[in-house]
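Report on one structure; see the data block that follows.
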Amino acid sequence: MFSIITLFGILGNITTGLVYLSPAKTFWRIARNRSTEEFESIPYICKLLNAYQWVYYGIIKPNSVLVATINGFGAVVELVFIVIFLMFASTQKMRVRTAILFGVLDLVFPAVSFLLMQLMLHRQLRIDISGIFCVVFSMITYGSPLSAMKTVVATKSVEYMPFLLSFFLFINGGVWTVYAFLTEDYFIGIPNGTGFLLGTAQLILYVTYMKPKSSEEISDNLEDGSKHEPLIPSSNLVS
């Protein structure tokens, strides 16, 4: 029977799909210029890992098919983005680094963790552990907007913080937070409530710094030796 829970689940699928597709303009720019410029691959690697976790959670938890389907779509989108990034990486060092992170975080780790959970954990404990993984990796993924916000404040430019991603993060977080409240699923509610707050903060930054720097100013900064912060600092990758 169609219910308000189903309605918000469908709305969540739509908004999450838009979140996954929102960097498309950035990757069109990368493909057109045949260079990744100052963009980082780590956010997309983390988003792919996060998508894998939510697909698994949606499969093993009853009545959560809408969680699995949209994140399956998202995993495909992120794979395409990562392939484009590997093709047009601005340096060989960045290409190698991206390939290593992709292999470890998006191939080896998910395969091993899912296999161990299937073999060693009982049904409810498996769901709980998977849910905890989802929350943890979702919060790690939100390290990307936090670092991007730091870059915006430092450079007083929103060039490297795509507006659509910020807007859809705001909408998507709100929709899934309501869904989590209705279904009493706190594994969904915690990260999406955080995403809603971060999306709100990013939109406020956009209003404040919506006029980007000119290309000449950016070029001058680069010549002076200044560098844009990566979307997730490398120091965050080491526990």
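Note: Cβ is positioned from N, Cα and C throughout, glycine not excepted.
Positions annotated as region 'Disordered' by TrEMBL: 218-239.
Under the heading transmembrane segment, TrEMBL lists 6-23 (among others).
Summarising the annotation, TrEMBL assigns transmembrane segment to 66-88 (among others). Counting residues 6+ beyond its ends, the transmembrane segment (66-88) has Cβ neighbours under 8 Å at 6, 9-10, 12-13, 16-17, 19-21, 23, 27, 30-31, 33-36, 39, 41, 44-45, 47-48, 51-52, 54-55, 57-59, 95, 98-99, 102, 106, 188 in the same chain.
Under the heading transmembrane segment, TrEMBL lists 100-121 (among others). Beyond the transmembrane segment (100-121), the same-chain residues lying 6 or more positions past its ends with a Cβ under 8 Å from any Cβ of the stretch are 41-42, 45-46, 48-49, 52-53, 56, 82, 86, 129-130, 133.
The transmembrane segment feature in TrEMBL is assigned to 127-148 (among others).
The transmembrane segment annotation in TrEMBL covers 160-182 (among others).
If one looks beyond the transmembrane segment (188-209) by at least 6 residues along the same chain, the residues whose Cβ comes under 8 Å of a Cβ in the stretch are 67, 134-135, 138-139, 142, 145-146, 148-149, 152-153, 156-158, 161, 163, 166-174, 176-177, 179-181. Sequence annotations record features per position, and here TrEMBL assigns transmembrane segment to 188-209 (among others).
Non-local neighbours of the transmembrane segment (127-148) in the same chain are 42-43, 46-47, 49-50, 53-54, 56-57, 60-61, 113, 117, 121, 160-161, 165-166, 169, 187-188, 190-192, 194-195, 198-199, 202, 229-233, 236; each lies 6+ residues outside the stretch with a CB under 8 Å from one of its CB atoms.
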